[in-house]
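Trainee: Shown below is the structure under consideration.
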Amino acid sequence: MSQSPKVGFVSLGCPKALVDSEQIITQLRAEGYEISGTYDGADLVVVNTCGFIDEAVQESLDAIGEALTENGKVIVTGCLGAKSSASGSNLIEEVHPKVLAVTGPHAVGEVMQAVHSHLPKPHDPFVDLVPAAGIKLTPRHYAYLKISEGCNHRCTFCIIPSMRGDLVSRPVAEVMLEAENLFKSGVKELLVISQDTSAYGVDVKYRTGFWNGKPIKTRMTDLVAALGELAAQYGAWVRLHYVYPYPSVDEVIPLMADGPFKGHVLPYLDVPFQHAHPEVLKRMKRPANAEKVLERVQKWREICPDLTIRSTFIAGFPGETEEQFETLLDFIREAELDRVGCFAYSPVEGASANELDGALPDDVREERRARFMEVAEEVSAQRIQRKVGKTLKVLIDEVSAEGGIGRTAADAPEIDGVVYVEPATKASKRYKVGDFVSVKITGADGHDLWGEV
């Protein structure tokens, strides 16, 4: 029997790009290709790129160059594949003319066509043995579930719509089938992602789909309720990411707080507010009523006291005054957000914000980012200290002789804090990766927790 052709894979960028990689790898495996963990063991290499900020562009170009040097046969996909150079030609083809093919993001079909052209697929009578949940690059106990592609917003600092297009929602039955297959495969935590989770279904006017004979609207609240019901059957978690602050978010909070989905639809919201001063928000083309946002945050916490809010912000946006920046700091103190990230504004090629007046020097942007993080970390440390002495449910990610590392409902993988768990002293309390365990929290710093089973 001839040996199956082997494809190497390099995946860069955000969780949405990771899901694209998973879909491509799943299709490769379904068609009988093997996935190689090394360049020299592969017949060709696929590189999934990121093109959002300058550092990501350079990282992607470097990865392509390395793959060309080490292997020589490279197909490129992802956001950078849609990016043009200053001359108007494709940036990747201009920098690396020896690549075999270039596609944009969310292009499984195009990638597979390119693979077929340069590495014909094998005949394999056992291709149906690929698991229904697909091939995942995450650990077995958690997975990302992408519910839509693209974005209808035109934030001035962002070029995602130009690379990924307008919003296209996946059919609700398709989403639910993938979720069920993931839970059946042993996934304990499902992380719902998209460019704009709140807008799910807008493009199809919230049309009604059917799952197991039941009608479900293609709408965030209805999908979350259905996922919560499914997660409850498997004793699993559902976590929401990239939730644009639409009014519809208010409808999801009660699902987290009480009823049959409590403990399954996690009391966790990843909401990118970006700023708090109305003038800056207008220049960003973001919702500009900071006072109402603060009221909503307070209302959310009244309904769901355990709610964890993660957000991201931009400091040093063009035209931002010191007074406007101080308004942002005041908002952080008042809103008491649990997890916060901040970027010093960085011009992105193709973004309309580049045309705005009032660009700030690099040192001012970076100084404001540092000041922001100092305040945000102080707020976060105060909130996390309140967990000391409590017993929390923890999902174990790693186990070693020194103990375990896990996460609470307040901690998404990779971006939030962790819980360092002491080794179990009794056989009945031993745990393994993917287990839920009750942990008594004994200590905390500004980011992480320590505890014992």
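Cβ atoms here come from the backbone N, Cα and C positions, even for glycine.
What Swiss-Prot lists as domain 'MTTase N-terminal' is 5-120, and the listing cites sequence analysis. Feature annotation from Swiss-Prot assigns [4Fe-4S] cluster 1 binding site to Cys14, Cys50, Cys79; the stated evidence is sequence analysis. Feature annotation from Swiss-Prot assigns domain 'Radical SAM core' to 137-382. The [4Fe-4S] cluster 2 binding site annotation in Swiss-Prot covers Cys151, Cys155, Cys158, and the record cites sequence analysis as its basis. Residues annotated as domain 'TRAM' in Swiss-Prot, with sequence analysis given as evidence: 385-453.
Context for these features, please: burial, neighbours, distances.
Mentor: Across all of the domain 'MTTase N-terminal' (5-120), the predicted model scores a mean pLDDT of 91.
For the recorded site, Cys14 ([4Fe-4S] cluster 1 binding site), the DSSP three-state label reads coil.
Reduced to three states, the DSSP call for Cys155 ([4Fe-4S] cluster 2 binding site) is coil.
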Trainee: Using Cys50 ([4Fe-4S] cluster 1 binding site) as the reference point, find which of the binding-site residues Cys151, Cys155, Cys158 has the shortest Cα-to-Cα distance to it.
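Mentor: That would be Cys158, the closest of Cys151, Cys155, Cys158 to Cys50 ([4Fe-4S] cluster 1 binding site).
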Trainee: Neighbourhood of the [4Fe-4S] cluster 2 site (Cys151, Cys155, Cys158): other residues with Cβ within 8 Å of the Cβ centroid, in order?
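Mentor: For the [4Fe-4S] cluster 2 site the neighbour list reads His153, Arg154, Phe157, Ile159, Ile160, Pro161, Gln195.
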Trainee: Do you know offhand how many angstrom separate Cys14 ([4Fe-4S] cluster 1 binding site) and Cys155 ([4Fe-4S] cluster 2 binding site) by C-alpha?
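Mentor: Rounded to the nearest whole number, the Cα-Cα distance is 18 Å.
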Trainee: Determine, for the [4Fe-4S] cluster 1 site, the additional residues of the same chain whose CB lies within 8 Å of the mean position of the CB atoms of Cys14, Cys50, Cys79; present them in sequence order.
Mentor: Leu12, Gly13, Lys16, Ala17, Thr49, Gly51, Phe52, Ala56, Gly78, Leu80, Pro105
Trainee: What is the total of other Cβ atoms whose distance to the Cβ of Cys50 ([4Fe-4S] cluster 1 binding site) is within 10 Å?
Mentor: 22
